[in-house]
Amino acid sequence: MASGCKIGPSILNSDLANLGAECLRMLDSGADYLHLDVMDGHFVPNITFGHPVVESLRKQLGQDPFFDMHMMVSKPEQWVKPMAVAGANQYTFHLEATENPGALIKDIRENGMKVGLAIKPGTSVEYLAPWANQIDMALVMTVEPGFGGQKFMEDMMPKVHWLRTQFPSLDIEVDGGVGPDTVHKCAEAGANMIVSGSAIMRSEDPRSVINLLRNVCSEAAQKRSLDR
């Protein structure tokens with residue numbers, strides 16, 4: 001089976017002038033991991049930050065927090081080693097951004113990180129299938145990547161369901177427009193790693209939102225287990 005349900009706040013919607021404090025606030029509120037969006041202005045139109053910021057966060061937050069790097073970059077091969085040195089735990093690259101996923105997967109592992117593989121909404125999930133047994137996590141985007149605060153795309157749920165059916169032990173992450181009103185759809189389809197940005201970051205009580213998301217996800221996982 002996939003690992004248990006985990007909630008990873010996306011810091012894209014945080015106060016970037018106080019990024020370290022915002023990350024600490026999320027961890028203190030019960031976040032299982034931090035989802036860090038790296039954008040280069042080429043693969044997606046927005047620009048965020050790179051490995052120097054990740055290195056600074058690692059120094060401030062210590063070794064315990066799990067950094068899930070969502071690499072929305074046109075040359076993911078270029079940043080594997082810098083991110084590993086900076087303290088990243090998982091390197092999630094986009095299938096659309098490389099011509100040689102196998103070599104990239106190997107390089108990520110050799111640099112001591114877990115491997116995530118992401119697909120945009122317009123990419124068929126079957127293209128991910130040949131690599132599913134070589135990765136730790138599949139990320140199904142539920143918005144067009146590049147900006148936070150977008151509307152959840154429910155028509156991505158068949159991709160999640162197909163992956164869960166075909167690869168029961170794979171960690172499956174959803175990212176984009178996920179919050180209390182949409183998490184049940186993701187969980188019922190089979191997602192066990194939930195990225196949520198605005199719903200958590202802008203809440204006056206982020207702990208309660210994180211707990212709600214985790215509980216919905218866990219209940220759906222238990223139901224799938226009983227239904228088998």
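Just so it is clear, glycine is given a Cβ too, placed from its N, Cα and C backbone atoms.
Keep in mind the model is a prediction, meaning the values are calculated, not measured.
When the candidates Asp171, Asp175, Asp181, Asp205 are compared with the divalent metal cation site entry in Swiss-Prot, which names His35, Asp37, His70, the shared residue is Asp175. Binding site for substrate per Swiss-Prot: His70, Gly146, Phe147, Gly148, Gly149, Asp175, Gly176, Gly177, Gly197, Ser198, plus Ser10 from the candidate set Ser10, Ser14. Closest to Ser10 (substrate binding site) in space, going by CA atoms and restricting to the recorded positions His35, Asp37, His70, Asp175, is His35. Cβ neighbour count within 10 Å across all protein chains ranks Ser10 highest among the binding-site residues Ser10, Ser198.
Long-range C-beta contacts of Gly177 (substrate binding site), restricted to its own chain and to partners at least six residues apart, with a cutoff below 8 Å, comprise Thr142, Val143, Gln150, Lys151, Phe152, Met153. Within the same chain, the residues at least 6 positions away from Asp37 (active site, proton acceptor) whose Cβ sits under 8 Å from its Cβ are Ser10, Ile11, Leu12, Thr48, His70, Met72, listed in sequence order.
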